[in-house]
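Visitor: Okay, here's the structure, questions in a sec.
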Amino acid sequence: GFKAGVKDYRLTYYTPDYETKDTDILAAFRVTPQPGVPAEEAGAAVAAESSTGTWTTVWTDGLTSLDRYKGRCYHIEAVVGEENQYIAYVAYPLDLFEEGSVTNMFTSIVGNVFGFKALRALRLEDLRIPPAYSKTFQGPPHGIQAERDKLNKYGRPLLGCTIKPKLGLSAKNYGRAVYECLRGGLDFTKDDENVNSQPFMRWRDRFLFCAEALYKAQAETGEIKGHYLNATAATCEEMMKRAIFARELGVPIVMHDYLTGGFTANTSLAHYCRDNGLLLHIHRAMHAVIDRQKNHGMHFRVLAKALRMSGGDHIHAGTVVGKLEGEREMTLGFVDLLRDDYIEKDRSRGIFFTQDWVSMPGVLPVASGGIHVWHMPALTEIFGDDSVLQFGGGTLGHPWGNAPGAVANRVALEACVQARNEGRDLAREGNEIIREACSWSPE
């Protein structure tokens with residue numbers, strides 16, 4: 001028999017000599033225990049509560065193999081410069097998770113444990129997704145290479161623009177702004193994340209006018225153009241209806257808000273997009289609710305990894321230079337996690353584990369939010385070729401109008417890429433490069 005009552009988690013779930021398996025999902029949590037709670041107990045509590053544990057011993061424990069299924073806290077280190085804060089490393093056996101379900105992965109790992117009384121705060125800093133698990137996901141519908149081939153655009157970042165004012169335009173005027181931007185030289189325009197189907201502009205009207213704008217600009221420029229048609233909706237069925245209508249119009253790309261829409265809806269949409277040749281642009285509305293606090297919540301690099309598994313071809317990833325916060329090294333860390341195949345552990349960039357994606361397609365990071373032409377050299381240098389640079393106000397705020405704003409962005413981008421290819425230092429000579437480029441303008 002066994003003794004009933006509350007028992008210490010660390011007896012079962014703190015296993016400092018555990019050797020992690022290649023199939024384990026590893027998590028790094030930033031734990032802030034309540035005063036008087038030892039670090040080992042707090043770390044073990046996280047492992048228990050996010051896997052097999054409950055607060056007492058139960059009869060049915062005897063009917064399962066805890067050793068096979070329990071999460072284990074296998075290492076704890078104090079955070080330098082913080083009082084009473086620790087990084088707890090937890091290993092989860094692969095069998096705890098449903099295959100191909102980001103939803104289930106998050107329900108298990110971060111579902112319950114964040115409200116835990118013994119912890120003052122808890123933050124999931126990073127996850128190591130083993131190939132045995134990542135291989136059960138489709139991942140991005142197309143990925144970076146397939147997208148470049150579809151668009152026939154190589155050797156430079158892609159340019160986008162969010163149509164502003166984000167709410168209040170009629171469908172026809174909205175389409176007009178789309179046309180002007182694409183005609184001026186942008187590759188993409190974008191529905192704002194809040195634009196779904198409101199009284200002033202229903203989704204079907206918007207889709208039709210945007211498609212018309214797209215084809216007109218395409219015919220006049222001889223380039224392939226796209227507009228991210230936001231398919232986010234109140235129900236999964238309605239979302240699919242919008243995506244299907246977009247495909248019937250023959251447009252190249254649709255868009256989804258993956259956090260507000262939810263991972264289940266997002267994964268369904270990603271599967272549809274791969275089956276039907278649509279690219280999928282992902283907006284991260286609501287991410288700051290989850291990732292902004294330094295000691296509670298989830299770091300965006302975890303949300304980014306989850307999106308690569310669930311599926312998306314573009315995702316917003318901060319700018320390093322614009323109006324929204326994001327530290328340079330950390331941002332570059334998760335940008336690499338999105339694009340690359342194999343990413344080495346590097347604590348200076350916030351990467352706690354080596355991540356091997358084993359040929360899962362990559363996601364293009366999107367820089368968006370308060371950036372404009374003068375940021376172009378910095379952006380080209382920071383993000384490199386495989387990115388989408390999005391200027392909303394930075395295009396539509398041009399004193400001469402939308403099309404000249406688009407021209408300005410395209411000229412600046414081409415100038416920066418050319419200068420970089422000639423070996424010039426964008427960080428030092430950036431402003432000079434932009435000035436040279438605009439010296440041909442009448443103003």
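Quick reminder: no glycine exception, Cβ is built from N, Cα and C everywhere.
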Visitor: Going by Swiss-Prot, Asn112, Thr162, Lys166, Arg284, His316 bind substrate; tell me which of Ser51, Ser65, Ser368, Ser387 is listed for that site too.
Guide: Ser368
Visitor: Please name which of the recorded positions listed here, Asn112, Thr162, Lys166, His283, His316, is nearest in space to Lys190 (Mg(2+) binding site), Cα against Cα.
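Guide: Comparing Cα positions, the candidate nearest Lys190 (Mg(2+) binding site) turns out to be Thr162.
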Visitor: Could you check the binding-site residues Asn112, Thr162, Ser368 and say which one's CB has the fewest neighbouring CB atoms inside 10 Å?
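Guide: Ranked by other Cβ atoms within 10 Å, the binding-site residues Asn112, Thr162, Ser368 bottom out at Asn112.
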Visitor: What Cα-Cα separation, expressed in whole Å, is found between Arg284 (substrate binding site) and Lys164 (active site, proton acceptor)?
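Guide: Rounded to the nearest whole number, the Cα-Cα distance is 18 Å.
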Visitor: What is the maximum Cα to Cα distance, in Å and rounded to a whole number, among the residues Asn112, Thr162, Lys166, Arg284, His316, Ser368 annotated as binding substrate?
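Guide: Value for the max Cα separation, rounded to a whole number: 37 Å.
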Visitor: Count, for each of the binding-site residues Lys166, Lys190, the other C-beta atoms lying within 10 angstroms of its own C-beta, and report the residue with the smallest count.
Guide: Lys166
Visitor: For Mg(2+), what surrounds Lys190, Asp192, Glu193 with a Cβ no more than 8 Å from their Cβ centroid?
Guide: Thr162, Ile163, Lys166, Asp191, Asn194, Val195, Tyr228, Asn230, Met255, His283
